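Down below is the structure, laid out as structure tokens.
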Amino acid sequence: MKKIKYIITSALIAIIAIITTACATNTGNWTPPLVGPYAWIYNLFGHPLQNIMLHVSNLLGGTNGAGWAIIIITFVIQLIVLPLRLSSQSKMIKQQEKTKRLQPQLSLIQAAMKKNSNKQMQLSQLQMKIYKDNNMSMIGGMGCLPLLIQLPIMIGIYQAVAYSKTLASSSFMGISLSKPSIVFAVVAAILYLIQGYLSLIGISEQQKQTMLITVIASPLMTLVFSIMYSGALGLYFLVGGIVIVIQQLIATFILMPKVRADVDKELAKHPIKEVINQAMIDQILNESSDQMSQNKSDEITNLHEQLRKRNSGKQNRNK
């Protein structure tokens, strides 16, 4: 569980670093980046998105054209990655359900680790064996592909507005797309908070503790990015938040019951394999105690032997 928390935290920090660096490259003179990875992102995503947004804006007309262009682009992107995210969530739910069945064995390992730190490596190997023998991965279901697809698009939308005078002067419902918007930021953060709450429904307390980092960090990051950067990015997060709430409703109330039923059927045919039990844990811990006692006994025996030899030497010299 600690490893999973570390991976989630590291991923969130990496996302913050990538977006912050990308959004800090605007020179203020409408000149896009010419070299480096963000120049590639601009050429591959930012500039094409800029042209699409300008075309849609001209097509729709009015002051809200650029905003509607962002909404349309965001919905299309979200719909493309939706099957991938639902597939990833389905795998994650399956992992959670199987982990619940392994919990009695995993709890024994965790309790033993607290009792005897000297046996950490052996117990960790047993923990990995529990997962392996039951055809599971310790970090299964954590798909990153949907996020990797969205990152360059997210940066591209920011660049499309930041490096276009026309788009930078546009607004949506009276809210500037080039300046930070508190309204977009708060609404988007609330949507991601709702998604986080829905993701905690129907899972165990231990799993809730593991997911709590993401549940808190996701809306917080959305709020910070939307306040720090343009209204265009805030609008992207807002529309994405609507889709992600719909996705979570599907996952919680449709996918979860189905996956649970499938897991029950699977485990009825292939029951959970017992790798460790309390008797085996006691034996491992007792082996440690016995070994320590044996080591101490050997040390005492060696000390006595050294003293005996020393005394024998003194007696020979006295003769």
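Each Cβ is built from the backbone N, Cα and C atoms, and glycine gets one as well.
Marked as signal peptide by TrEMBL: 1-24.
What TrEMBL records for 66-86 (among others) is transmembrane segment.
Mean pLDDT, taken over the domain 'Membrane insertase YidC/Oxa/ALB C-terminal' (67-250), works out to 85 on the 0 to 100 scale. Residues annotated as domain 'Membrane insertase YidC/Oxa/ALB C-terminal' in TrEMBL: 67-250.
What TrEMBL records for 138-161 (among others) is transmembrane segment.
The annotation transmembrane segment is assigned in TrEMBL to 181-203 (among others). Listed as Cβ neighbours of the transmembrane segment (181-203) (distance under 8 Å, sequence separation of 6 or more from its ends, same chain) are residues 96, 175, 211, 214-216, 218-220, 222-223, 226-227, 231, 234-235, 237-238, 240-242, 244-245, 247-249, 251-252, 256.
According to TrEMBL, the feature transmembrane segment maps to 210-229 (among others).
Under the heading transmembrane segment, TrEMBL lists 235-256 (among others).
Annotation comment: TrEMBL describes 292-319 as region 'Disordered'.
Feature annotation from TrEMBL assigns compositional bias 'Basic and acidic residues' to 296-308.
The compositional bias 'Basic residues' feature in TrEMBL is assigned to 309-319.
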Residue list, the transmembrane segment (235-256) vs rest of chain: Cβ under 8 Å, 6 or more residues beyond ends.
67, 70-71, 74-75, 78-79, 82, 85-86, 89-90, 93, 150, 154, 157, 172, 177, 181, 184-185, 187-188, 190-192, 194-195, 198-199, 201-202, 222, 225-226
